[in-house]
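One structure below.
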Amino acid sequence: MAELQEVQITEEKPLLPGQTPEAAKEAELAARILLDQGQTHSVETPYGSVTFTVYGTPKPKRPAILTYHDVGLNYKSCFQPLFQFEDMQEIIQNFVRVHVDAPGMEEGAPVFPLGYQYPSLDQLADMIPCVLQYLNFSTIIGVGVGAGAYILARYALNHPDTVEGLVLINIDPNAKGWMDWAAHKLTGLTSSIPEMILGHLFSQEELSGNSELIQKYRNIITHAPNLDNIELYWNSYNNRRDLNFERGGDITLRCPVMLVVGDQAPHEDAVVECNSKLDPTQTSFLKMADSGGQPQLTQPGKLTEAFKYFLQGMGYMASSCMTRLSRSRTASLTSAASVDGNRSRSRTLSQSSESGTLSSGPPGHTMEVSC
């Protein structure tokens, strides 16, 4: 038998000529993220079943990022533009993500039977421990929008030791007053449920402009096969209790918080009021110009930038690279840090619309983004 010989084959034309190892690593990461479709689970709770989707693998000594969406949306329609944004990939490779869908909001969800008692927002918050127990996760960083922001804030009040930080977009911590109820009832006589929800999600200026984004979400909500379920979630949101935040009082969020709202957004006044009631040493307030009612959809780059600095202020991603947004400017970053255990807990963001300089300022500072 002839002796086998080893033959070496060299590639005459590399597939990616001139590609650096760093670029190859980034391309591999992007492909891995693209192929990661997440694992969807359901767990029974005292208030019914809840569905959630997990992306990535748990990282030692790091919390999970847990999201909760607003009324009329699910986790994909609420958060995909943000978490698929290019600069966000540096964050999500460092944290496992849990995207919770409110009951009946997940894709393909059956319509609840007539007379079904939908959970209150407080009860939806009480479902989260069942999710974390199922996954064996001990702590989270919560990211919520609208009703989801309220739910995560309520959860943080009930379980402060399990929440390391909160990003609350468009939160309204107040129960509806009599005037709100009267306006809501009057609107209900002349507007459909989809139109009322769109008015909750977007500003009147956006709705009048009828951009492609508005057309897309109007179509999603109007033709949702689970519209009856959406109405139940909407009713629970409108029946929410007051969170009773009080600056300097016993009822407050005890973790770092970043409040986010768009300039002229439907919930701008509510978020401003919420900011006035929280601990200024723990709270950052990000008001985003030209972002409308859903900044995570319209300005994912700017929100990613702020989120990255928020995580750095908590002691994570200290070696994080600057994003394109900050590289395009003269950027300076300083920290005023107070140590809680081994972790820096006190950093707040500010941005000057005139100088375009990013910096960290004293706690309780407002960050207005108009770029």
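From the backbone N, Cα and C atoms, a Cβ is placed for every residue, glycine too.
The annotation region 'Disordered' is assigned in Swiss-Prot to 1-21 (among others).
According to Swiss-Prot, the N-acetylalanine annotation covers Ala2.
Under the DSSP three-state reduction, Thr20 (phosphothreonine) is assigned to coil, being neither helix nor strand. The annotation phosphothreonine is assigned in Swiss-Prot to Thr20 (among others).
Marked as phosphoserine by Swiss-Prot: Ser326 (among others).
Among the features that Swiss-Prot reports, phosphoserine is placed at Ser328 (among others).
The phosphothreonine annotation in Swiss-Prot covers Thr330 (among others).
The phosphoserine annotation in Swiss-Prot covers Ser332 (among others) and rests on a large-scale study or a structure entry.
Here Swiss-Prot flags Thr334 (among others) as phosphothreonine.
Per Swiss-Prot, region 'Disordered' is recorded for 334-371 (among others).
For Ser335 (among others), the entry in Swiss-Prot reads phosphoserine.
Per Swiss-Prot, the feature phosphoserine maps to Ser338 (among others); the stated evidence is a large-scale study or a structure entry.
Per Swiss-Prot, the feature phosphoserine maps to Ser344 (among others).
Among the features that Swiss-Prot reports, compositional bias 'Low complexity' is placed at 347-361.
What Swiss-Prot lists as phosphothreonine is Thr348 (among others), and the listing cites a large-scale study or a structure entry.
The phosphoserine feature in Swiss-Prot is assigned to Ser350 (among others); the stated evidence is similarity to another entry.
Marked as phosphoserine by Swiss-Prot: Ser352 (among others).
Every protein chain considered, the tally of other Cβ atoms within 10 Å of the Cβ of Thr20 (phosphothreonine) stands at 9.
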